[in-house]
Amino acid sequence: MLTRTASWTSHSSMDLEHGSKKPSAAPTAATSTSTILQVRERFMALQPIVLRASAILATAVAAAVMGLNTQSYTAVVAIIGTRPLMQTFTAKFSDTPAYFVTANAIAGAYNLAVLLMRRLILRRRTASLIVHMLDMVIMVMLATGAATAASMAYLGKNGNLHTRWNPICDKFGSFCNRGGIALVSSFIGVALMLALNLLSAAANASRPNAVGH
């Protein structure tokens, strides 16, 4: 009897020891899961900030490069006797549609304002919906400005034989190169605004209506 009792006591003590170890695994798993969720939530929260900051940079570069873009070219237009008559031609952004510079400047200022007021916007669902609609307007405005400037850049590079418009990029190479940089930067801004619109639409779709209250 004493042997059986001792054996039963040792088994029960071992069971208690094993039983005390098993519940400790559950809090560890729960903690790791909550940590992963927190990291994921922080990453998702940082995505709009990074995209909007990148859009500010892209549109600001496009507006600044094109706004400061200018180049002069001197050519002989006539010869009087033995003396050549020189004339200087200047290419600047105002000779092309200024809407491109205006659109990129507005987009950069708008995204900066949204970043500064981000905390106020996140508190109300109505404000988030307004920002989402304004994001779409800014994206369309940027795309229109970039497309217009791209058509003018193509005309300046290749000309138009039917209307006898000669290309100018062979004479204003630096002007055209800087304009190309501004165009690429502006189209990057369009892509970033599109990504912001997709994220905003997904966030507003999954956001409960009670947030606005």
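Residue numbers in this text run from 1 along the chain shown.
Heads up, the Cβ atoms here are built off N, Cα and C, so glycines get one too.
These come from TrEMBL:
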{"type": "REGION", "residues": "1-29", "note": "region 'Disordered'"}
{"type": "COMPBIAS", "residues": "1-13", "note": "compositional bias 'Polar residues'"}
{"type": "DOMAIN", "residues": "48-191", "note": "domain 'Casparian strip membrane protein'"}
{"type": "TRANSMEM", "residues": "49-68", "note": "transmembrane segment"}
{"type": "TRANSMEM", "residues": "98-117", "note": "transmembrane segment"}
{"type": "TRANSMEM", "residues": "129-155", "note": "transmembrane segment"}
{"type": "TRANSMEM", "residues": "180-199", "note": "transmembrane segment"}
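Annotation: stretch 180-199 has the most Cβ pairs under 8 Å to the transmembrane segment (129-155), among 49-68, 98-117, 180-199.
Mapped onto DSSP classes, the domain 'Casparian strip membrane protein' (48-191) shows 100 helix, 23 strand, 21 coil.
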